[in-house]
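As written in TrEMBL, here are the features:
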DOMAIN    50-335  domain 'Dihydroorotate dehydrogenase catalytic'
BINDING   67, 68, 69, 70, 71, 91, 145, 178, 214, 242, 265, 292, 313, 314  FMN binding site
BINDING   71, 116, 117, 118, 119, 120, 178, 183, 243, 244  substrate binding site
ACT_SITE  181  active site, nucleophile
REGION    244-265  region 'Disordered'
COMPBIAS  250-260  compositional bias 'Basic and acidic residues'
Ligand SMILES: Cc1cc2nc3c(=O)[nH]c(=O)nc-3n(C[C@H](O)[C@H](O)[C@H](O)COP(=O)(O)O)c2cc1C
């Protein structure tokens with residue numbers, strides 16, 4: 001039994017956002033202290049077979065923290081000390097935003113899932129950009145997830161994304177155009193070809209490199225094809241598949257399935273993996289696979305379906321801080337079992 005097995009029941013008695021805030025404060029306390037070094041000692045898996053080169057950066061292993069966990073870039077170094085190979089901070093928007101009224105984050109315990117309708121609560125690009133420029137960054141790559149301010153009309157989206165990009169440009173190892181969160185009205189409409197061309201073209205012209213786009217699992221296949229057409233044309237370096245879904249699989253048991261918002265965690269795992277496969281089959285740029293990963297087998301499945309890197313959020317809530325280590329150790333075993341020399345060898349093995 002690990003320490004998290006003892007802590008989890010107490011944490012789960014708190015409202016989810018309160019628990020998240022508590023964990024954040026804890027991570028903030030240990031960040032930059034000898035305790036963080038001790039955590040890294042415990043959780044980092046040092047094995048060359050896990051290393052991935054992508055987007056011009058060296059990732060020590062494939063497992064990163066998905067956007068939304070550290071929206072304001074307060075604790076990227078603490079998260080890295082848990083053995084993650086990269087941390088995607090944000091979503092950051094040009095304007096500081098309170099997000100939707102609480103409660104806006106719900107546990108679906110029986111389903112190992114969450115529903116959130118946070119609505120891009122964040123301190124805004126000025127503050128987050130200053131923090132990223134001022135504070136030491138982790139030794140692992142940092143991605144910056146950029147969203148659209150709620151009050152900005154859809155037709156002005158390119159300038160809104162640009163404003164944020166310019167404020168975080170120095171700190172990011174990669175930049176993500178997030179047009180797939182279900183909790184900003186109209187946002188997902190920006191996944192159409194014309195809108196994407198406008199946003200991605202504007203950021204590429206401004207020097208955003210590497211530039212990635214994060215897609216919704218709810219996008220119908222023809223619309224994914226359209227989006228991938230833009231990826232090929234518009235100097236886009238990668239695709240993240242996927243964000244949360246507004247769909248509700250029949251298998252869900254928790255009463256919180258009725259809450260409005262984006263579903264994440266176990267119940268979206270296969271949906272997200274199929275999206276990774278669909279995207280990887282149709283583009284040459286690297287894919288980051290995210291959605292429902294909570295163990296090595298799940299991470300490996302996304303890698304074999306074409307993901308060069310994987311990320312998770314909800315799994316961390318249910319499995320605790322040892323998850324990156326458990327996945328990385330498990331991945332090494334799976335690679336050995338299947339005769340792969342490295343993670344990079346296994347990428348797309350099932351395509
Ligand atoms: C509370 C919460 C907030 C999130 N915020 C963002 C966000 O700001 N930007 C984004 O691109 N994705 C956001 N996500 C989506 C995650 O990055 C991820 O794509 C999704 O949760 C699926 O992965 P998971 O099943 O491992 O959680 C958020 C997810 C949760 C649960």
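Glycine too: its Cβ is placed from the backbone N, Cα and C atoms.
No curator has checked TrEMBL annotations; they are predicted automatically.
If you measure from the Cα atom of residue 71 (FMN binding site) to that of residue 178 (substrate binding site), you get 13 Å. Highlighted here are the binding-site residues (69, 119, 178, 214, 243, 265) whose C-beta falls below 6 Å from ligand 1: 178, 214, 243, 265, in sequence order. Taking the centre of the Cβ atoms of 71, 116, 117, 118, 119, 120, 178, 183, 243, 244 as the substrate site, the nearby residues of that chain (Cβ within 8 Å, site residues left out) are 68, 91, 99, 147, 181, 182, 184, 261, 262. Of all Cβ atoms in the protein chains displayed, 28 besides its own lie within 10 Å of the Cβ of residue 243 (substrate binding site). Around the Cβ of residue 181 (active site, nucleophile), a 10 Å sphere holds 25 further Cβ atoms from the protein chains shown.
Using Cα positions, the member of the binding-site residues 119, 145, 265 nearest to residue 181 (active site, nucleophile) is identified as 119. Taking Cβ-Cβ distances under 8 Å and a sequence separation of 6 or more, the neighbours of residue 67 (FMN binding site) in its chain are 88, 89, 90, 91, 143, 145, 176, 178, 214, 311, 313.
Secondary structure of the region 'Disordered' (244-265) per DSSP (helix as H, G, I; strand as E, B; remaining residues coil): 4 helix, 5 strand, 13 coil. Minimal Cβ crowding within 10 Å, among the binding-site residues 119, 265, is found at 119.
In this structure the alpha carbons, written CA, of residue 119 (substrate binding site) and residue 69 (FMN binding site) are 13 Å apart. In this structure, 313 is the one among the binding-site residues 69, 313 with the smallest number of other Cβ atoms inside 10 Å of its Cβ. DSSP gives residue 69 (FMN binding site) a coil state; it is part of no helix or strand. All protein chains considered, the CB of residue 145 (FMN binding site) has 28 other CB atoms within 10 Å. Note: the Cα of residue 117 (substrate binding site) and the Cα of residue 265 (FMN binding site) are spaced 15 Å from each other.
Comparing residue 243 (substrate binding site) with residue 69 (FMN binding site), their Cα atoms are 13 Å apart once rounded.
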